[in-house]
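Student: According to TrEMBL, the feature domain 'SOCS box' maps to 187-231. Residues annotated as repeat 'WD' in TrEMBL: 20-61, 62-103, 124-158, 168-188.
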Amino acid sequence: MASFPLRVNEKEIGNMMKVLRGHQNWVYSCAFSPDSSMLCSVGASKAVFLWNMDKYTMIRKLEGHHHDVVACDFSPDGALLATASYDTRVYIWDPHTGGILMEFGHLFPPPTPIFAGGANDRWVRSVSFSHDGLHVASLADDKMVRFWRIDEDYPVQVAPLSNGLCCAFSTDGSVLAAGTHDGSVYFWATPRQVPSLQHLCRMSIRRVMPTQEVQELPIPSKVVEFLSYRI
């Protein structure tokens, strides 16, 4: 099977390209980490690809989805990565370790791997992180938009939407825009919550410190778990 490369513009010479090779089929979506050090790419396979954008090399492949992965987005501090798949799930990963921190299921009970690989009306089409780092939005083929909190495994708010394809939060996080098959764009006021001081401090630390460095800090284990988004 032919390799599907990703082409990256060189900063020094505008007409030169870098090619990231690894995907064996269509690439559906890409997302840069906030500091541009990493690129995530997903496509017609179960794997999530993470790339080092200083060396243009693959960091790792994240394994866990059971069907094509079609969308991805980093949290504002770069500590989390959300991916959406036709297996009816959104996973929240730690991109620095490759571990799955949370699963947002769009079908209850969750389908077994065999059925998650087939066609159904719960395919997840898009996922987007809010700029507060606390909320994630997802679109699925069940005609629903869901708003999730990263510390809860059920939606905090839902809204109807038919034929949804993509979604994105406004810069201040107050509005979600979603595009559909019929050529329309819909808007919703999003759940608002004032982030805690602890969360704001966590985001500030995680913007400059990957998980491995956090785990080496001489601080209580519960604080390490909090900074690693494990509690």
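Here the Cβ of each residue, glycine as well, is placed from N, Cα and C on the backbone.
TrEMBL labels come from automatic prediction, so no person has curated them.
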Student: Can you work out which residues elsewhere in the same chain, 6+ from the ends of the repeat 'WD' (62-103), have a Cβ less than 8 Å from its Cβ atoms?
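Tutor: Residues 28-35, 37-38, 40-50, 110-111, 113, 116-117, 120, 122-129, 131-133, 136, 138, 140, 148, 150, 153, 166, 202-204, 206-207, 210-212, 228-230.
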Student: Kindly report the helix/strand/coil residue split of the repeat 'WD' (20-61) according to DSSP, in that order.
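Tutor: Per-class counts: 0 helix, 26 strand, 16 coil.
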